[in-house]
Amino acid sequence: MTTCRRERPILTLLWILMATAGCLADLNEVPQVTVQPMSTVQKLGGTVILGCVVEPPWMNVTWRFNGKELNGSDDALGVFITRGTLVIAALNNHTVGRYQCVARMPAGAVASVPATVTLANLQDFKLDVQHVIEVDEGNTAVIACHLPESHPKAQVRYSVKQEWLEASRDNYLIMPSGNLQIVNASQEDEGMYKCAAYNPVTQEVKTSGSGDRLRVRRSTAEAARIIYPLEAQTVIVTKGQSLILECVASGIPPPRVTWAKDGSSIAAYNKTRFLLSNLLIDTTSEEDSGTYRCMASNGVGDPGAAVILYNVQVFEPPEVTVELSQLVIPWGQSAKLTCEVRGNPPPSVLWLRNAVPLTSSQRLRLSRRALRVVSVGPEDEGVYQCMAENAVGSAHAVVQLRTARPDTTLRPGRDTKPIAATPPMPPSRPSRPDQMLREQPGLVKPPTSSVQPTSLKCPGEEQVAPAEAPIILSSPRTSKTDSYELVWRPRHEGSSRTPILYYVVKHRKVTNSSDDWTISGIPANQHRLTLTRLDPGSLYEVEMAAYNCAGEGQTAMVTFRTGRRPKPEIVASKEQQIQRDDPGASLQSSSQPDHGRLSPPEAPDRPTISTASETSVYVTWIPRGNGGFPIQSFRVEYKKLKKVGDWILATSAIPPSRLSVEITGLEKGISYKFRVRALNMLGESEPSAPSRPYVVSGYSGRVYERPVAGPYITFTDAVNETTIMLKWMYIPASNNNTPIHGFYIYYRPTDSDNDSDYKKDMVEGDRYWHSISHLQPETSYDIKMQCFNEGGESEFSNVMICETKARKFSGQPGRPPPLTLAPPQPPPLETMERPVGTGAMVARASDLPYLIVGVVLGSIVLIIVTFIPFCLWRAWSKQKHTTDLGFPRSALLSSSCQYTMVPLEGLPGHQANGQPYLGGVSGRACVSRVHGSRGCPAATVGCPGRKPQQHCPGELAQQREDTNSQLRQPIVSNGYDLQNQQVARGPQCASGVGAFLYTLPDDSTHQLLQPQDCCHLQKQPVTTCQTAVRRTSESPGLESSWDPPYHSGPRCCLGLVPVEEVDSSDSCQVGGGDWSSQHPSGTYTGQERGMRFSPSPSVHVSFETPPPTI
C-alpha cells in the first residue's frame, strides 16, 4: 500500500514532464489551417456558418472581416465566434464580405484563404422584343433564354404548351447554357415559348417579359446553315467539370454535323461524345483547351459554308509551393523565399508574415514571385505565407524563417522544412481579386548565368542604388511564328553610374501558366536576345532586370504575340487576330446583333506598371473579349496599400485604341496597386487582376526621346475608286511609353520601286484611323506608317497592300459613270482567313443619326419632286377647263367654216324673191357677209385672221341671192333632248316688227360637235320672222336658246349641232306690233374679232323685222 502511494507522485511527475516536453516541441511547430472556411451564398436574413480547423488544435483562433480583426463576438453586427466557428445569425448588407481565420502561436501566425460571403439575389429580365424563330421541318430548333444576373446562377424553366418544363422531356432538351432545343421540330411544335429564371437559394422565380414564337416551315431543298450559335464563341470551364459545346444546324435535307479540334478530327479524343449534334467533354483538363470547329453539310450549296468555331479555355485553380534558400539565416545576411505558383488564369500572389500582408521597403524587396529580406534580424523571424488566388480558386503555402546570431550554430529542426501547400479552395463564384492585396504573378528562380559574378560587393563599400530598368526597344508583335527578337538598351548609357554587371531575362507563355519561366543570363555588353522555341499565335510576357553591385535592379516588362501559322482547315487572318487582341478595332457585323446573346467585356489582363516621372507612372494592359460589342473605353483604378479604403478612379474615358495611360499625382513613398476595367454599350467588365505593388520612389530626370517602334497597321479597305481607309494600333509600352505627337502615313503604287514616289499624310493626336483619298482607280498601293514626336520619327511599320476599286461605267457612250460607293459587305467570322490588307468598312454607332436624317430628307425631296408635275398638270387642266367654258372646242373648229355675227341696227326691210330680209326701223347697220369657200361658209371665229366683209343697207339689194341662203333658221339643240323641247311659235306681230334673239351654245354642246369633211350651201327662201324657241324643264335656269339661220344642209365643219327647220307659215304671224309676251328673251355673248368668248354676263341684242308683205 505504501509502495503504491510512493509510485503515484512519480507517475504524475513523469506525465507532467512529458506534457511539458510536448508543449515545448509544439512551440516550435509551424501552425497550419487544415480545414479552410468555404465561400457561401445566402439569402438576406439567412444564417451563415463558417468553420476553421487548425493544427495544433490548442492554438488561439481569431477572425478577420474585410481585413479587420474581429474582437470576439459582435452583437451589433450579428456575428458570433466560438473558437474555430463563426456564425452570422442574419445576413445583411453589413455582414457581406471576405472572412479569414487566423491561427496564432508563439512561433508565429498563419491566415486561411479568404472565404467570400455573398448575398443571393435575382435580377429582372432585360426588356426585349418578341423574336420569330424559323426552322425547317425535321430539324432541331433552338429557343434561347437570356437569363438575368443571379447569385448563385439561376436555373431555367420553359413554358411549353401552357405547362412549365423544368427538365428535359420528350423531344425538349434543356441545355446547361439555358437554351431549349426542340429535336425533330414539326408543325405541332409551333407556338409561343417563354422562359423563367429560378434562384435555388432565395427560391424566387422571374419570368421574361416577352417570348419567342416558333414557326416550322416546309422547304423542298435548302443548304445547310448553323442556327446556333450565330458567331464564334469563347467558353471558359473549370478543370474537372464537364463541358457541352452546342451546335445546331438546319437545312433540307437535314444536315450532318462534324467536329474537329485544332484542325484534327475529334475522333482521336477519347473523352468526347455526342449529344445529338452537340459535343460533350467529360472531366475537362488543360489539354482540352483549344479551337473546336463545328461544320454542317447536307450536299446542297457550298460544303464549307456552314462553319462555327469555339475557343475553349480550361481554367485551373492555383497550386502553390514555397521554398527557402537557407533554413537558418544568420543576422545581417539576406534571406530569399521563392513561391512557385501554377494556375490559369495566372493567379495573383500575396506575401504575408505572421498573417500580416507585406509591402516593399528598403529591407523587404518583393520582386515577381520572390521575397528577399535584406540584413535579417530577430524581428524577421516567423511564419511566411505565399497566398495565390485567381478566378476559380485560391491556395497558399507556408514556411518558417529562423534566425541566429552570427557566432551561433543552430541545427535546423523539422520546423524549418517547407510546409506542403494547402489544396486549392474553389470559390462559390468567381472571386473578386481586387478585394485582397496581392502581388502580381511571377515565378522566380535564382539566376543561373555563366556571367554571374562571385561577389556583389561594391568598391569602397559605398552604398549604391539598384540599377534602373532597361529600355525595351522591340515591337510587341512579330511576324515570326516560333521566335522573337528582344532588343534593349540601358536607360543611362555611358553615364558615370555604377556599371551593370549582367542582365537577367525571363519569358513565359501567358496562356499557359503551368510552364516555368525560361531564364537567361546576358552579359552587360550585349543588348539583344533571340527567344526561340515559341508557339505560333501565342501571347508571351518578358521580364528583365539589370544587376549591379547592389543586386537586382528595377524590372522592365513587355508582352508580345507571335505570328500565326496558316492551317489548311482552320485559318485566321492577321487582321482578325489583331481584332481579338484589340477589341477596339473589332469589325461589326452588318447583320443586326442579337442583344440577348451579348454581354459586357471580359476583364483585361493584369496591368503592368512602369515609371513615367517622379510622381507618375504608366499603366499598360492588354484587353480580352469584347462580349459581342466593340469596347468603347477603359478606365483605371488605384488603391493605396498602407491605407484601408476602396479602389479610387484614376482616369476614365480612355479610347479603346489606347492601351496605356499615364497616372499622375502619386505620393512619394506610398505603394499603389492598379487595375483596369473595359466598357462597352452593355456595361463594364469585371476588374482586371491588380498590378503588383508599385512604390513611388521619386525617380526624376526622365528624358523624352525619339520613338523607336512604329505602329502596327491592322487592316485596310478600299472604300471606292479613289479612297482607301486604314486602321492601326500603337502600344506606348513598345517605346517605353515615350509620348508621341502623331503618325505619318506613306503610300505609293505597288508597281513603283522608287522610294521618292511615296506620298505622305500626317495624322495628329490619338486618332487611329485615316482615309487616303485622290488615288487612281483599280491601282494597288503600298502603305506603311511611322509615329513621331519632337525627337524624330520611329521605324516604319508593317507594309500593307490594298487595291482601289475599279471604275464602273454605265454602258452609254459619252456619259460619265455615276459615282457610287461599294455596297458594304458583312465581315467574315473572326477565325476565317482573309488576305491581309482587305477588310470590310468599319460600321460605327455614331453614323446612325446621319443615316436617319439622310433617309428622311431624301424621302421629303422625292415627295416634292413627285408632286410638282402633278400640281402643274392640275393647274393646266383647270386653265383648259376654264377656257373651254368660254369657247367650247374652239381649237377644234375647222378653218374652212367661219362666221361673224354683228347686230343690225335700224336696217330697213328689203326683200328677195318675195321674202323680207331682216331689218330695222331706224339707224344704220352693217352686216357681216358670210364667206363660203367651195360650198362651205367661213366664220371668223375659227380663223380670226380673216377679216369679214361688211355691207351697208344700200348694197343688200344686190345680195339677195346670198341673203336667202344665209337666212335659213336651224335650231341649235345645245346638248338638250330635242324631243322634249317645245317649239314656241310667236303670235301675230302687232307692230310688224319682230325681235330675233340669239345665244351661243354652252359647254354641253361639246358632246355633239363633230367635224364634217364637206359642207354645202343651199339657197332656200326663209321667212324673216321665223324663230325657234326651246324650253327645257330639266334646266330651268336656261330660259331659251336662239340660233340665227346660217345655212341648210348637213352639219358643217364649224362644229355646230344639227338644227331644226320650221316652216315660215307656222313660225310667226306678222303684225304691226311687237312680239307677244310668250317670247322668251334670248342672249348673245360675243366679242369682236380677235377676242375669245367667255362666260361673261349675256349681252341682249334685238333684231327687228318689218311686217311681211302680202
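Even glycines carry a Cβ here, placed using N, Cα and C.
In the predicted structure, the domain 'Ig-like C2-type 1' (31-118) carries a mean pLDDT of 87. Annotated domain 'Ig-like C2-type 1' per Swiss-Prot: 31-118, in sequence order.
The domain 'Ig-like C2-type 2' annotation in Swiss-Prot covers 124-208.
Summarising the annotation, Swiss-Prot assigns domain 'Ig-like C2-type 3' to 229-310.
Annotation comment: Swiss-Prot describes 318-402 as domain 'Ig-like C2-type 4'.
Applying DSSP to the domain 'Fibronectin type-III 1' (469-566) sorts its residues as follows: 0 helix, 48 strand, 50 coil. Marked as domain 'Fibronectin type-III 1' by Swiss-Prot on the basis of sequence analysis: 469-566.
Look at Swiss-Prot and you will find 603-698 tagged as domain 'Fibronectin type-III 2'. Per DSSP, the secondary structure of the domain 'Fibronectin type-III 2' (603-698) breaks down as 0 helix, 44 strand, 52 coil.
Taken from Swiss-Prot, the feature domain 'Fibronectin type-III 3' covers 707-807. With helix defined as DSSP H, G or I and strand as E or B, the domain 'Fibronectin type-III 3' (707-807) counts 7 helix, 47 strand, 47 coil.
Cβ environment of Asn60 (N-linked glycosylation site): Ala103, Arg104, Met105 lie under 8 Å away, each six or more residues apart in the same chain. A strand conformation is recorded for Asn60 (N-linked glycosylation site) in the three-state DSSP classification. Per Swiss-Prot, the feature N-linked glycosylation site maps to Asn60 (among others).
With a cut-off of 8 Å between CB atoms and residues at least 6 apart in sequence, the same chain places nothing near Asn71 (N-linked glycosylation site). According to Swiss-Prot, the feature N-linked glycosylation site maps to Asn71 (among others).
The feature N-linked glycosylation site is assigned by Swiss-Prot to Asn93 (among others), with sequence analysis given as support. Within the same chain, the residues at least 6 positions away from Asn93 (N-linked glycosylation site) whose Cβ sits under 8 Å from its Cβ are Leu119, listed in sequence order.
Annotated N-linked glycosylation site per Swiss-Prot: Asn184 (among others), in sequence order. In the three-state DSSP reading, Asn184 (N-linked glycosylation site) counts as coil. Around Asn184 (N-linked glycosylation site), the same-chain residues six or more apart in sequence whose CB sits under 8 Å from its CB are Gly138, Asn139, Thr140, Asn171, listed in sequence order.
Per Swiss-Prot, the feature N-linked glycosylation site maps to Asn270 (among others); the stated evidence is sequence analysis.
The N-linked glycosylation site feature in Swiss-Prot is assigned to Asn512 (among others).
There are 17 other Cβ atoms within 10 Å of the Cβ belonging to Asn720 (N-linked glycosylation site). What Swiss-Prot records for Asn720 (among others) is N-linked glycosylation site.
The number of other Cβ atoms within 10 Å of the Cβ belonging to Asn754 (N-linked glycosylation site), over all protein chains shown, comes to 8. Marked as N-linked glycosylation site by Swiss-Prot: Asn754 (among others).
The topological domain 'Extracellular' annotation in Swiss-Prot covers 26-850 and is backed by sequence analysis.
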With the domain 'Fibronectin type-III 1' (469-566) as the reference, find which of 31-118, 124-208, 229-310, 318-402, 603-698 contributes the most Cβ pairs under 8 Å.
318-402
Pairs 6 or more apart in sequence, C-beta under 8 angstroms, 3 or more of them: is that satisfied by the domain 'Ig-like C2-type 1' (31-118) and the domain 'Ig-like C2-type 4' (318-402)?
yes
Return only the integer: C-alpha distance in Å from Asn720 (N-linked glycosylation site) to Asn754 (N-linked glycosylation site).
26
